[in-house]
Amino acid sequence: MIPVYLSSNGNRGNRRGNGGESELSDPNERIIRHPIQYYSINRPTESEAGVDRHTEAAVHRYKYYNRLASQSNGPLDMPDHVVPANFTIKVYVPVTGQQSSLITIFSLWNTMMGTSLLSMPWAIKQAGFVCGIVLLIFMAGVMLYTSYRVLKSVDVLKGKVDVLEFSDVCKHYFGKTGELLAVICSLLTLLGGMIVYWILMSNFLYHVVSFIHDHAVNNFNTTTLVNLTKYSDAVCPKASIPQNSTFGYSETQVGDFPVTEGNFYKIWDEQMTVPFFLILVLFPIINFKSPTFFTKFNALGTVSVAYLFVFAAVKAAKWGIHLDFSSVDSVFPDYTTNFKMTFPALTGISALAYFVQNCCISITRNQKNPQNNIRDLTIAYLLVCGTYVYMGVVFYSSFPLAKSCIEDNLLNNIETNDIMAFVARIGLFFQMLCVFPLLIFILRLQFMHSVFGSVWPSLKHVLVLNVVLIGVCLVFAIFLPHIGRIIGFVGAFCGFSYAICLPCLVYLKACYLKDGGLKLTWMKIIFHGFLILMGLGNFIGQFLIIGHTT
């Protein structure tokens, strides 16, 4: 249910809750809020069947957004103008935004933190140490500017158009074409996230079960990875297996039953079998009509990021710093280069890592002091940039083996039987297990509404779509389980089209129409045209480095 109340000036305001006292801006002024119940839009009665389908889809979407924000009047509250009249009860109270700047900054930071964090050391390896740091900061600045343009587009249209999302702004200036492009980019971003999540969940599940199995059969030397150094917890997946290795084919006695390791690892293979085992866990829960249960575990994301911070610091303290800028021979383990031609791998990843343009309007909508939105957005980007630079630099500079060994999932460089890595993997697995149904729910909602005009055409439609989506995830998990490349392509395309191109074109069109007192100048055309070409170059660069990344 979404109880919505009318303020004393006649404008609708959001008050969540099913009854009780509502505390007003004046501490001496209180009013008893009566509970209200109304029909579920999932199953309307015959008299209620005339609900506008667009409103139905919007309410579904913002029911999910509301539950992502635990506090009252949170950053993702459903906006007033999408609430149908029969969803309201009149209680006259003065309503103002209650979201503090701290909540706004944290929400923006938490939204941008994602799986890209695990790929930052690999991204720096592809760009070079100094070049990687510079590009991470530069891309943060570019994405900050376009996010700023997204927020300012709402101010320009204030009083003219009710803006729910940035796609509404695109529709106002470019019609259905602009709205369709925004929706397609949103769907591709979600699909890319689902693919990366499936690959990572398969990886984490494989290592977690292998850890438990190895301890159960007292077999702690099952690594296929060569490591002849004193740093036993660091591994190089690219190293070849010695010909006389007996990995996977030893026999261990468990009770009265001999266990052949070869049989276990033939059944439990990270690429060929584990992605299919994952279907048994995920397919039943992705067909739920509402993902409300999984939103309760949203805080796991913050806990996971905090743990990775500590994890990187502990490993760096144990390993020390391993950088050698003077060596000219790449065979030395500490050999470090400052620039590499494969730097588009980093710019592609960072485009997705800093991607918040599709929801920054929703996050800042209920800000107590809207004039601070730009300041809060800037602080959030500075924190996010610092987080990514920290994770990439600390792990890259301390990794004790050859830098060419660094994987696009930094946990792949840690031994399976490492306790800290085991905790990280199991925590990230359960976090992604809860987030994945939310991703597929939002994709299903947007796709079904766009194609069929309903968020739930039928169970058959939903099952077919889910089978197709899981099939796509399986193909990538089996044949291309490289999250760095996937994030790079998805980030470069969505960064070019949604995060850079659309905000720049919207601003130029607003200047051309002189909306909000704006004026079009040649300097604006040249600057924003350069940003668009740079985004296009980033996307093209992903194709040029195919086969050259390591």
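Cβ coordinates come from backbone N, Cα and C, glycine included.
Annotation comment: TrEMBL describes 99-219, 278-541 as domain 'Amino acid transporter transmembrane'. The region 'Disordered' annotation in TrEMBL covers 1-27. According to TrEMBL, the transmembrane segment annotation covers 127-148, 180-200, 272-288, 300-321, 341-357, 378-399, 419-442, 462-480, 486-508, 520-545.
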Touch test for the transmembrane segment (520-545) and the transmembrane segment (419-442), at least 3 Cβ pairs under 8 Å: no
Cβ contacts the transmembrane segment (419-442)/the transmembrane segment (180-200), at least three under 8 Å, sequence gap 6 or more: yes
Cβ-based contact of the transmembrane segment (300-321) with the transmembrane segment (378-399), 3 or more pairs under 8 Å: yes
Result, the transmembrane segment (462-480) in contact with the transmembrane segment (272-288) (3+ CB pairs under 8 Å): yes
Region pair the transmembrane segment (486-508) / the transmembrane segment (378-399), three or more CB pairs under 8 Å: no
The transmembrane segment (462-480) touching the transmembrane segment (378-399) per 3+ Cβ pairs under 8 Å rule: no
Within-chain partners of the transmembrane segment (341-357) [C-beta distance under 8 Å, separation at least 6 from its ends]: 108, 111-112, 114, 116-117, 119-120, 122-124, 126-128, 131-132, 135-136, 139-140, 143-144, 146-147, 150, 166, 189, 192, 363, 381, 384-385, 388, 484-485, 487-492, 494-496, 498-499, 503, 535, 538-539, 541-542, 544-545, 548-549
Within the domain 'Amino acid transporter transmembrane' (99-219), residues counted as helix, strand or coil by DSSP: 103 helix, 1 strand, 17 coil
